[in-house]
2 protein chains.
Amino acid sequence: MNVAILGVGVVGSEVANILLKNKKIITARSGQQIIPVVGVVRNLDKKRDVKIPLSADIDSVIKRDDIDVYVELMGGVDEPYRVVSEILKRKKAVVTANKALLAYHRFKLQNLAADTPFGFEASVAGGIPIIKTLREGLSANHILSIKGIMNGTSNFILTSMMNGGANFDEALKTAQNLGYAEADPTFDIGGFDAAHKLLILASIAYGVHGDPEDILIEGIERITKEDIFFANDFEYVIKLLAIAKKVGEKVELRVHPALVPKDKMIAKVDGVMNAVSVVGDAVGETMYYGAGAGGAATASAVISDLIDIARGLKTPMLGYKSPLEKELKLLAQDEIRTKYYFRLRVEDKVGVLAKITNLMSENHLSIDSFLQKPVTKSEGEVTLFFTTHTSLEADVKRVIGLLKKQNFIKEDPFMIRIEE
Amino acid sequence: MNVAILGVGVVGSEVANILLKNKKIITARSGQQIIPVVGVVRNLDKKRDVKIPLSADIDSVIKRDDIDVYVELMGGVDEPYRVVSEILKRKKAVVTANKALLAYHRFKLQNLAADTPFGFEASVAGGIPIIKTLREGLSANHILSIKGIMNGTSNFILTSMMNGGANFDEALKTAQNLGYAEADPTFDIGGFDAAHKLLILASIAYGVHGDPEDILIEGIERITKEDIFFANDFEYVIKLLAIAKKVGEKVELRVHPALVPKDKMIAKVDGVMNAVSVVGDAVGETMYYGAGAGGAATASAVISDLIDIARGLKTPMLGYKSPLEKELKLLAQDEIRTKYYFRLRVEDKVGVLAKITNLMSENHLSIDSFLQKPVTKSEGEVTLFFTTHTSLEADVKRVIGLLKKQNFIKEDPFMIRIEE
């Protein structure tokens, strides 16, 4: 089986190198040799640590008759979409690690692919076989929920704040120094990376459509040491979670930092590691843990797709051809129901607490726990922390809007959702 | 696709019921309907909560031409082996949850199956898709190690001792009252159940042969509260681990209680839950967590195999047809190298410690940590706890043999291996 690797960066080099290094065992498992015959790069002059022929002419490579499978590792959305579409029209198999491509075009690609094999295990959670798990391993189940820690950068920062006492800026700087965060970390810490992955998983589990712009995405940038202290005191950790849940005939998709009870398995996932908890109606809760990034771990997923193709895998790209369930639509963001945590910086004055609690109860929020910290920072101000019983997102937003207008509020009110 | 269910107990009923209950989503994923057309039982008079026709005549059912796949849930080894062999000779697909059948006959069954689909996801760790993960998800990797908590009964007992302060007998009784342990719990707490599962996983990962009788199996029966206290003090937990490791050109297989550092992910798996940690040369460490038993969780695995067969899965039973690696043999038990923990009940007398340490150093054991507890139980006796640096199993056995002969030893010396 001849393979072309489109994009020979960190992952592409590892794919070529592992195919050669583990050739014997891969051949035994595949039933045939998997040979990387060409790599496509933009710049032929750049030095690369690979032993395969290179080409800079992608359009001639995708027309070659001797190539059986194309591995797309180019990055971006539009150009990969053009290239992958051309390849699928020629009925050649595709393997990709490109989550953005799939977050925007997965259903169009599934239609184009039809019976042509299309692998994308590497697009979510690096080396963890979570696509295979949802598409095949748990295929007997109605999926009740998916909760993932799928961004290693964010989990590293939150773990550093939780265990090491760092504040957000210090933790981000450490992550950048260690190569875990980009110079511009927005895509990771803003929740967008996790949102792309969530959309991919949700399309397998539920057949639900949607672009990243359609779902609730909040990042971890506003989390402070005070939030961490509160969480710790009340037996929670803070994790950036990507959540998919079936609610009646709708699916709720959201990415945001969440307070998670310490004794939950997913709360125990620290540092750059990823994990995805999946609850099925038959299997109950299962969890999948491992490195969510890195050249070799991602290459492990890419090559597992190649081996599946060599073995003659016939499973449809997203795991189904006829609709999975009847018209599952996205739940509107205002209709989300969960528990909430608030941090409010207020004037230290008689009557303030009464005003807040009145405002909340008038808007259907009921307080579950409350903490007031001794006066800090500036004289005459105090920080209030409280959590609510299960409430409606629309009510919470209205309360935050109303609080902002009050004179006694000294900082923008901050809220984190609780996931139990 | 017509399915016969051989054995309609807890798992078989769930298979039939979930196939009916989740019919719509299973059909969408399978590309065809999966219909349970008959269940085979020993006693037709027994009341069962299933809505499928039943038969007591297994030999006529396995000859029926209208059946495409047989689900073997009979229990035992010899009779299922006879039945499954007959079915495979007729080129009909088989799905089984029977770990004992596979622990003894997996290579013979793979030869018999040849190109006939044979699923056994449910034989290891219930609903966790660990067979699929090893056979397909991590197929790019040389597997460096597998460490599993694969017996829920034992993990429940050890967790009760660790967190609840129960002693072994109390914890076992609780497990029995909750239905987590059999009246005769030997198969579970003696490590035999986990050993069967380990052999299955090791045959996929390494192609290594062996019967349960060929590997090191120790149970949790001799673990006391004192061991738990020591473990806790030294930042360990005690888990019954099933371990497979590649050591040079050999494979080490062993099942025994182990001290595991608290910060390892597998150390955090509590109660009846199962988890398997797999380290691959490309992917690094990954871990898979979920319910290891129970009718619905096991049925989830059985049905995922049925869906794979409906989808046209062609992967060979164990994941390869030609040998995976050249002559990987089992490592002799005496050649195991790890760290060890000892608990010794000795006479509280001058010179005893010197005698012990001399005896150890003469036999190449070097002490890593040491704890002496104040005199308890009977006057004039004391309990010593210590751990060694990495040592050879043969040396450890010799030391235990020599210690037993000493007058100052008041109880059989007890040892637990450490797994870091």
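The backbone N, Cα and C atoms fix where each Cβ goes, glycine too.
Note: TrEMBL annotation is automatic and uncurated.
Here TrEMBL flags A:LEU6, A:GLY7, A:VAL8, A:GLY9, A:VAL10, A:VAL11, A:GLY12, A:SER13 as NADP(+) binding site. Residues annotated as NADPH binding site in TrEMBL: A:LYS99. If you look up TrEMBL, you'll see A:GLU182 marked as L-homoserine binding site. Feature annotation from TrEMBL assigns active site, proton donor to A:LYS197. Here TrEMBL flags A:341-420 as domain 'ACT'.
Feature map: annotations from TrEMBL on the structure.
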| residue | record | contacts (Cβ under 8 Å, 6+ apart) |
| --- | --- | --- |
| A:LEU6 | NADP(+) binding site | A:GLY12, A:GLY39, A:VAL40, A:ILE58, A:VAL61, A:ILE62, A:TYR70, A:VAL71, A:GLU72, A:LEU73, A:MET74, A:VAL83 |
| A:GLY7 | NADP(+) binding site | A:VAL40, A:VAL41, A:GLU72, A:LEU73, A:MET74, A:GLY75 |
| A:VAL8 | NADP(+) binding site | A:ALA16, A:GLY39, A:VAL40, A:VAL41, A:ARG48, A:VAL50, A:ILE52, A:LEU54, A:LEU73 |
| A:GLY9 | NADP(+) binding site | A:LEU73, A:GLY75 |
| A:VAL10 | NADP(+) binding site | A:GLY295 |
| A:SER13 | NADP(+) binding site | A:ARG48, A:ASP49, A:VAL50, A:GLY295 |
| A:LYS99 | NADPH binding site | A:SER123, A:VAL124, A:ASP193, A:HIS196, A:LYS197, A:ILE200 |
| A:GLU182 | L-homoserine binding site | A:THR153, A:GLN176, A:ASP188 |
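Taking the domain 'ACT' (A:341-420) as a whole, pLDDT averages 93 in the prediction. Apart from A:LEU6, A:GLY7, A:VAL8, A:GLY9, A:VAL10, A:VAL11, A:GLY12, A:SER13, the NADP(+) site neighbourhood in this chain, defined by C-beta within 8 angstroms of the site C-beta centre, holds A:ILE5, A:GLU14, A:VAL15, A:GLY39, A:LEU73. When secondary structure is read from DSSP and collapsed to three states, A:VAL8 (NADP(+) binding site) falls in the coil class. Long-range neighbours of A:VAL11 (NADP(+) binding site) (same chain, six or more residues apart, CB within less than 8 Å of its CB): A:LEU73, A:ALA97, A:ALA122, A:GLY295, A:THR298, A:ALA299, A:VAL302.
As a summary of secondary structure, the domain 'ACT' (A:341-420) carries 23 helix, 29 strand, 28 coil according to DSSP.
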